[in-house]
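Reviewing the structure listed below.
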Amino acid sequence: MIDRKLLLQDFDKVALSLKKRNHAMDDELERLREAIAHYKKQLIELEGLQAFQNKVSKEFGIKMAQKMDTSDLKKELENNKIKLNELSKSVGEAEQEMDLKLSIIPNLVDEKTPLGASEEDNIEIKKILTPRNFTFKPKEHFELAQQNGWIDFESGVKLAKSRFSVIRGFGAKIYRALIHLMLDFNEKNGFEIIYTPALVNEKMLFGTGQLPKFKEDVFKIENENLYLIPTAEVTLTNLYNDTIISVENLPIKMTAHTPCFRSEAGSAGKDTRGMIRQHQFDKVELVAITHPKESDAMQEHMLESASEILKALELPHRFVQLCSGDLGFSASNTIDIEVWLPGQNCYREISSVSNTRDFQARRAKIRFKENQKNQLVHTLNGSSLAVGRTMVALMENHQQADGSIHIPKALEKYL
């Protein structure tokens, strides 16, 4: 959540930053402006009544000490106290309304994030490994998966509906091996392996920014205050929800393998074949909680950690700086890693490493103590990596003319 003090002091500066996202936010910002104005008005009235109460109380005390008649002052104090209680309640309600309006406003755009309207304006930073020159026309992953009997798309539809898959046989062994390899690499780079619940309550999803704005994107358990996690970012970050961390314990680096569940609202017609876009998928996530001065360096570290896995699997990829119009809700700055898919003849996102600055920390009340003062941490998250998409990239990049798949040396020991 954006700093309320900043909004109260300089609303226009905040609005200018948010408009860099190129979203139609005028209505939301106007409603927030009105809520802030109402809160300020109520607060000023309350402070006026409190000042009056203090003044009359002082007069009452003086007259009492002088044994003078205080009946009028007593009545005035009683009447004012009733007004104070009513106005205090109104101020509390106005504050809640302001915070509700504020909770659906995305993070401020980082100064390092380039301006742009959409993914078309994202900027390539660098390429790593050169795509292979094929002597035959490369197939897409779903053709290879079916040919090798690794992925059963029809059974996924039968068991659930579209955008679900069944992985079996040697394909399942590769899938499992990829998870183990990713966790081992992440652990080697200093990230603690953690297994968390796949269900969380509403407060946790608020903390990382999925709720209340993106309720349609997550699966809710009927008649329960529980949701299936869209990413382990939610559980790992919220392990420290409402926590004060000693500065000596920063940074905190965590990794987790979890199933992830997304409704993919608004994705109708996109990537309808194969494993690129699924309602349920596995992901190995990185989350870091850092001192504000260290978050930029941590973002680079997380990117290199994810890239290291792709290099070990001999998968060409590139770093892409997201522009302001393509940022996620909680992100202030994001760099994607896109992997080359020869079957599609294009790069596709396989990791997204975001620095949310203190946006999530403010929502989730994650603080650190330094010099006897509590301050907000910075939180970062990123995939390392999306398992299904990594398997897709492995199949397409390492396919042979006969449809068989070459196994990279780094993966052999896990099979």
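Cβ atoms here come from the backbone N, Cα and C positions, even for glycine.
These come from Swiss-Prot:
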- Thr231, Ala232, Glu233, Glu285, Ser383: L-serine binding site (BINDING)
- Arg262, Ser263, Glu264, Glu349, Ile350, Ser351, Ser352: ATP binding site (BINDING)
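Structure coloured by features recorded in Swiss-Prot.
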residue	record	Cβ within 10 Å
Thr231	L-serine binding site	22
Ala232	L-serine binding site	26
Glu233	L-serine binding site	28
Arg262	ATP binding site	20
Ser263	ATP binding site	17
Glu264	ATP binding site	13
Glu285	L-serine binding site	30
Ile350	ATP binding site	26
Ser352	ATP binding site	20
Ser383	L-serine binding site	26
Candidate nearest Arg262 (ATP binding site) in space, where candidates are the binding-site residues Thr231, Ala232, Glu233, Glu285, Ser383 and distance is Cα-Cα: Thr231
Would you count the other CB atoms within 10 A of the CB of Glu349 (ATP binding site), including those on all shown protein chains? 16
I'm trying to understand the geometry here, so how far is the Cα atom of Thr231 (L-serine binding site) from the Cα atom of Ser352 (ATP binding site), in Å to the nearest whole number? 12
Those residues of the chain, 6+ apart, with a Cβ under 8 Å from that of Ser351 (ATP binding site): Leu303, Ala306, Asp336, Ile337, Gly382, Ser383, Ser384, Leu385, Ala386
Quick one: of the binding-site residues Ser263, Glu264, Glu349, Ile350, Ser352, which has its CA closest to the CA of Glu233 (L-serine binding site)? Ser352
If one measures from the C-alpha of Ile350 (ATP binding site) to the C-alpha of Glu285 (L-serine binding site), what distance in angstrom results, rounded to a whole number? 12
Using the CB centroid of Thr231, Ala232, Glu233, Glu285, Ser383 as the L-serine site centre, which other residues of the same chain sit with their CB within 8 A? Val234, Leu236, Ala256, Thr258, Cys260, Lys283, Val284, Leu286, Val287, Asn381, Gly382
Do me a favour and check the Cα-Cα span between Glu349 (ATP binding site) and Glu285 (L-serine binding site); whole Å is fine. 14
Given the binding-site residues Ser263, Glu264, Ser352, state which is nearest to Glu285 (L-serine binding site) when distance is taken between Cα atoms. Ser352
